[in-house]
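Chemist: Got these off TrEMBL a minute ago, pasting:
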- TYR142: active site, proton donor/acceptor (ACT_SITE)
- LYS172: active site, schiff-base intermediate with substrate (ACT_SITE)
- THR51, VAL215: pyruvate binding site (BINDING)
Amino acid sequence: MTPVKKLEGLVAATVTPMTPDGQINLPVIGQYVDYLVSEQNVKNVFVNGTTGEGLSLNTQERKQLAEEWVCQGKNKLDHVIVHVGALSLAESQELARHAAAIGASAIAVIAPFFFRPTNKDELIAFLQKVASEAPTVPFYYYHIPHLTGVKIRVEELLDGIKEQIPTFQGVKFSDTDLLDLAQCINKTEREQFAFLYGVDEQLLSALAIGADGAVGSTYNYLGQKTNLMLQAFAKPDLALARKYQFLTGEFLNFIIKLGFGVAETKAVMTFVSGIPMGPPRLPLVDASEEFIVKAKAKLDSIVWPDGD
């Protein structure tokens, strides 16, 4: 599944299905792939990231999940991006080597966030050490400062990055700083880097300044609607695109007020797709029954421009 063109469009940040006793549930991945492709028209996935509880899984579990997504996605998915970031450099390097060996389309790395890099050079040194373990695999930096506490601006990070990380292809930009994103796109337009936005409720704003697509959890269950928004934006029919963005925002605003995180994403995915996603790993706890009832009612009540 080596990509033949620039990564763009929607990428589903996949959840990790688990059994009721908290073990990863590999047998449902094939069904998950078919659901994304046929029901959501989403053919790119980002595995073992935040939504996938990647940092709550052990190394063997992360490898098993990556293998299963690559295997089940063969001839069905366009890109399987495997997140290999970890607090330990050695662990991240091991995961990078494994992702390369199984034929992942690309790897991504989050900044380490306990002992944190404090400047651009420290962060690039860490990323380079990981990327070099998969020297033929496209590499993406996963920027999510509100969770990592690493607030090094991506604009600064990109200066000269290709010389130090030849496989660098772009950024999963999960931050609300659209000025930083805009400067990245403006400065590197000729580099053909891919900038994939990670704040789903603000995607239309990011598209307007040149984002190539998006990586997010909502594309697991609102991928079809968001694809229609992308089509409207491309026409351009901005009024229609705004309708889709506003309705997505209406749903997310509602469930955020109820308390929304990975556990709740799993619950929404379960009732939308019919695939049992199971509980999250501690310290996260199951979504409440009240959340499930209210979220389902809210989603069912939305009247989308295409009539659903």
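Just so you know, the numbers here start at 1 and follow the chain as drawn.
Heads up, the Cβ atoms here are built off N, Cα and C, so glycines get one too.
Keep in mind the model is a prediction, meaning the values are calculated, not measured.
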Chemist: Specify the count of other C-beta atoms within 10 Å of the C-beta of TYR142 (active site, proton donor/acceptor).
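Modeler: Taking every protein chain into account, the count is 26.
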Chemist: I'd like to know which of these recorded positions, THR51, LYS172, VAL215, is least surrounded, judged by other CB atoms within 10 A.
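Modeler: Across THR51, LYS172, VAL215, these recorded positions, the one with fewest Cβ atoms within 10 Å is THR51.
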Chemist: May I ask for the distance between VAL215 (pyruvate binding site) and LYS172 (active site, schiff-base intermediate with substrate), taken between their Cα atoms and rounded to an integer number of Å?
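Modeler: Distance (Cα to Cα, whole Å): 7 Å.
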Chemist: How many whole Å apart are the CA atoms of THR51 (pyruvate binding site) and TYR142 (active site, proton donor/acceptor)?
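Modeler: Rounded to the nearest whole number, the Cα-Cα distance is 13 Å.
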Chemist: Expressed to the nearest Å, what is the distance separating TYR142 (active site, proton donor/acceptor) and LYS172 (active site, schiff-base intermediate with substrate) at their Cα atoms?
Modeler: 5
